[in-house]
Amino acid sequence: MSLGGAMEGQSVEELLAKAERDEAEKLQRITVHKELELEFDLGNLLASDRNPPTGLRRAGATPEAELQALARDNTQLLINQLWQLPTERVEEALVARLPEPTTRLPREKPVPRPRPLTRWQQFARLKGIRPKKKTNLVWDEVSGQWRRRWGYQRARDDTKEWLIEVPGGADPLEDQFAKRIQAKKERVAKNELNRLRNLARAHKMQVPSSAGMHPTGHQSKEELGRAMQVAKVSTASVGRFQERLPKEKNPRGSGKKRKFQPLFGDFAAEKKSQLELLRVMNSKKPQLDVTRATNKQMREEDQEEAAKRRKMSQKSKRKGGRQGPGGKRKGAPPSQGGKRNRALGGRMNSGPPPLGSKRKGGQHQGGKRRR
Amino acid sequence: PSGKMRPLTEMRPLTEEETRVMFEKIAKYIGENLQLLVDRPDGAYCFRLHNDRVYYVSEKILKLAANISGDKLVSLGTCFGKFTKTHKFRLHITALDYLAPYAKYKVWIKPGAEQSFLYGNHVLKSGLGRITENTCQYQGVVVYSMADVPLGFGVAAKSTQDCRKVDPMAIVVFHQADIGEYVRHEETLT
């Protein structure tokens, strides 16, 4: 009994000791000893370790283990700091609220260059005009409320008046309301144009203007030509179906600008398209059986020589043209192939139809047959 | 691709048309073995055009060459040839290293005629050692010495059969390029 008890006690003691050791180890893992405290910028989740890296220097060629230990220690310290932050609960997750970041990060993009002054700004600077501070709201008598100085439902909108007196010298049948609306539109368009011009000056671009397009009496030939080109292209089909005068020539520089592939395009796609091109090229070539074609060619030549010899020997009798090889034409059809077949075709068509006896096959086999 | 126009000294890949013209020229010498140049097992190689010359370069070297400005870059990889002002493709001798192993039709010349060929003259029947069987007329051929050293390339003036019958002073191979050009045209080769 006592033995069993002692053993139990020992095991319990062992368990307790083991638990204590585990606790100590955990604490050891959580607490990290550093000579110099780390600097924390929790807003950026940044921890800066200023301790001298003696451990790394000692490690030499393979510092992986030391690096890993260092990283683990520093991360542990950072997380310890994070646990000290005020927490809150957001949708069943415990969240720490980070403070404002203290490190100032460098600029991502370069400093913007100063823009050129607009025309008004140049004029105001010249004249010394300062912007007067005005109130946004004005008292509107008509509606009896405070209205904006400009914009939506402004105080004095002359297009919204319900009664306009016809001015003294104006045509009584003229629509004054339409006149006011038209004037407003023109002012808006002028403002927009000036805005675009200012923008173009700022970006050093050219704004497409109708500068030389209005017909005066004194335009040069080039100006007229340019105006004509613009008018031609200003159709719904961008000038595609415009007729030209009988002797009119194409304008210069009206082609599309060439666009090349990028230098490091998709290499696999390039390879694929080139292989495809090669395949098409190879398939277009006629599939000549070279040996048969050359043998046939040689047969022709031998026959020609034989015919010549016969002609020499028998000057009186002229045999009709040999039976053309057309009947036995194998391999490449007459339309394809190179000089060889063209030459054959010529010979076939030139002679009269064969009158002489058929050539025997044996004669051909008598000729030299090369591989 | 940016909207601005590319200056003429910049490197670029070949267009479809240019690739076709170039492949047709090279295929005259190596035939369908050309796809072994395009599709290589030991790395990605590609053709790039720089200053009207076509260079055959590995992807690795191309990436390095992209860091050099166009007007300072003289050459990269192997120059295969150039496009003339009328957009015809002319093969240079520097392509011989890639033509010789894949050549379909070969011509061997006797030691006595080697010197003449290396000076830029055509090959006469008297200098002809061996010729591949079934060579057609005007076929692209690679010229070797009797010791199987590639000397250059040319165009067969006569087919194999005609070569046997023709007289010894007739031209059998038109000269296109030879390795003597490395010395003669040192300034223009890249």
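Cβ coordinates are placed from backbone N, Cα and C, and glycine is handled just like the others.
Since we're looking at a predicted model, the values are computed, not measured.
Annotated range for region 'Disordered' in TrEMBL, selecting from A:167-199, A:233-265: A:233-265.
Each residue of the compositional bias 'Basic and acidic residues' (A:241-251) gets a DSSP state, and the totals for helix, strand and coil are 0 helix, 0 strand, 11 coil. Mapped onto DSSP classes, the region 'Disordered' (A:205-224) shows 4 helix, 0 strand, 16 coil.
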